[in-house]
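S.K.: Can you read through this structure? Questions will come right after.
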Amino acid sequence: MSTASTAPRATLERRLGLPGVVLFGLAYMAPLIVLGTFGVVATTTGGTVPSAYVLALVAMLFTAASYGKMAATHPVAGSAYTYVRKAVDSRLGFLVGWAVLLDYFFLPMVIWLIGGAYLSAQFPAVPSWLWLIAFILLTTVLNVLGIKIAEKANFVLMAFQILVIAFFVVLSISQVVSDGHSLASGDPFFHSGSTFATISGGAALATYSFLGFDAVTTLTEETIEPRRTIPRAILLTALIGGGIFVVLAYFTQLVHPGSVFNDESSAAFEIATHIGGNLFASFFLAGLVVAQFASGIAAQASASRLMFAMGRDGVLPRIFGRLQPKLHTPTFAIGLTGLVGLIALALDVTTSTSFINFGAFTAFTMVNVSVIATWIRERNTNRRNVLTWLVAPAIGAVVDLWLLINLDGIALVFGLVWLGIGIVYLTFLTHGFRRPPPEITFED
């Protein structure tokens, strides 16, 4: 909802190309995160983590294709909010944006929580809250300094993650061979105790790892040639990240069959110690912390950009829409995201991840619906492929909705309460629905 003003409109600078945007998405996804949540997903699936990631990847590819189509049609930073608002309904678009706000606002908190859990497992003498605060302070400072500084940091951190992944896979293969087992096995995907219900439940958690391909849409205002770059970045991020997740989950499940761990929250550290001893376990821990750090930078950047746009246009208080004069970064939104991270002290990984996925699955479902709505509205004036504009997004919407209803019950209740608050807030902003919903405007 823009208002007239004599002051120049606050805008972000276009500095990112395709490699930078894809790197941002992969850093957000953090390839090593599959190991950070491995124990939780393994417990949920009964030891079929790769299947959970395959199901999640299929769902995300359909959804990524829909995001790509809508990003090319509406190349602005509004992401799901803009797509639903323009293709379906402005009020529904506002509520989807509200659900996405839950996702982006709390995701950095989950990332810092996982990183802190692993450090606490290795260094129990150090209070967990100290690790959490260290994560928050470092990522906040880097984001305040600007997107290019964060991009350079992400490049170094991503390179280190890839190195750790390579060592982990090689040591896993060596361990499997030395134990006399085959490297080709179907057991990690399905065994006698497997059910589609448990795999679906695991996929609902595993999809957390994919959050990132959609987050690149929040960088549209800082991307060169966004209409061309963003759709390509979305698909590349989902494909590359998903491929790494499935391969890494397969070898991890192969070297540690089943779902019994000393502590499911830090199961991967236990496995790393088993395959490489204490030296590699320390190296692995460093890699996982780096992954969480890189992902935290990207997640906090996305959350702050969304709140910046909402504040700039009056949907949130105006202070959210202000940029630091010299650095051109939304410092208030960045700082507030850091403060919200302190909630992690009262939550566990499983519950907090489910909270995040409620907003994500809601947005994913509605973006697929937006593609279908666009096809229906323009079918007489713009001949589009029925398979890619109707069938594929319909499949994506059904799968995303299935994953949504398979979330933790507490998360569903919390998510519905959050949507209820959004409806009340929308009622206030529209004076009892007598006015159009406020519109968040983004730079093309």
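Every residue, even glycine, has its Cβ placed from backbone N, Cα and C.
Those TrEMBL annotations? Automatic predictions, nothing curated.
Taken from TrEMBL, the feature domain 'Amino acid permease/ SLC12A' covers 20-375. Look at TrEMBL and you will find 21-41, 53-72, 92-114, 126-145, 157-177, 189-213, 233-251, 283-308, 329-349, 355-375, 387-405, 411-429 tagged as transmembrane segment.
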S.K.: Out of 283-308, 355-375, 387-405, 411-429, which stretch touches the transmembrane segment (92-114) the most, going by CB pairs under 8 Å?
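M.R.: By Cβ pairs under 8 Å, 355-375 leads among 283-308, 355-375, 387-405, 411-429.
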S.K.: Going along the chain, which residues at least six beyond the ends of the transmembrane segment (329-349) come within the CB cut-off of under 8 Å?
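M.R.: Contacts with the transmembrane segment (329-349): 37, 40, 105-106, 108-110, 112-114, 116-117, 128-129, 132-133, 135-137, 139-140, 143-147, 265, 300-301, 303-305, 307-308, 311, 319-323.
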S.K.: Taking the transmembrane segment (189-213) as the reference, which of 21-41, 157-177, 233-251, 283-308 gives the largest number of Cβ pairs under 8 angstroms?
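M.R.: Stretch with the highest Cβ contact count: 21-41.
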S.K.: Where else in the chain does the transmembrane segment (53-72) make close Cβ contacts, counting only residues six or more beyond its ends and a cut-off under 8 Å?
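M.R.: Here the qualifying positions are 34, 79, 83, 87, 189, 199-200, 203, 206-207, 209-210, 213-214, 217, 220, 226-228, 230-232, 234-235, 237-239, 242-243, 245-246, 249, 364, 367-368, 370-371, 374, 388-389, 392-393, 395-396, 399-400, 403.
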S.K.: Between the transmembrane segment (21-41) and the transmembrane segment (157-177), do 3 or more CB pairs sit under 8 angstroms, pairs being 6 or more residues apart?
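M.R.: Touching, yes - the transmembrane segment (157-177) and the transmembrane segment (21-41) meet the threshold of 3 or more Cβ pairs under 8 Å.
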S.K.: Among 126-145, 233-251, 355-375, which stretch has the highest count of C-beta pairs below 8 Å with the transmembrane segment (283-308)?
M.R.: 126-145
S.K.: Run the contact check on the transmembrane segment (233-251) against the transmembrane segment (387-405): 3 or more C-beta pairs under 8 Å, excluding pairs closer than 6 in sequence.
M.R.: no
S.K.: With Cβ-Cβ distances below 8 Å as the criterion, list the same-chain residues six or more beyond the ends of the transmembrane segment (355-375) that contact it, or say none.
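M.R.: Counting only partners 6 or more residues beyond its ends, the transmembrane segment (355-375) has Cβ contacts under 8 Å with 59-60, 62-63, 66-67, 69-70, 73, 79-80, 83-84, 86-88, 92, 96, 99-104, 106-107, 110, 204-205, 207-208, 211, 214, 384, 386, 389-390, 393-394, 396-397, 400-401, 403-404, 407, 411-412, 414-415, 418-419.
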S.K.: Are there residues at least 6 beyond the ends of the transmembrane segment (126-145) whose Cβ is under 8 Å from a Cβ of it, and what are they?
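M.R.: Sequence-remote neighbours of the transmembrane segment (126-145) are 108, 111-113, 115-117, 119-120, 153, 292-293, 296-297, 300-301, 304, 324, 327, 329, 331, 334-335, 337-338, 341-342, 344-345.
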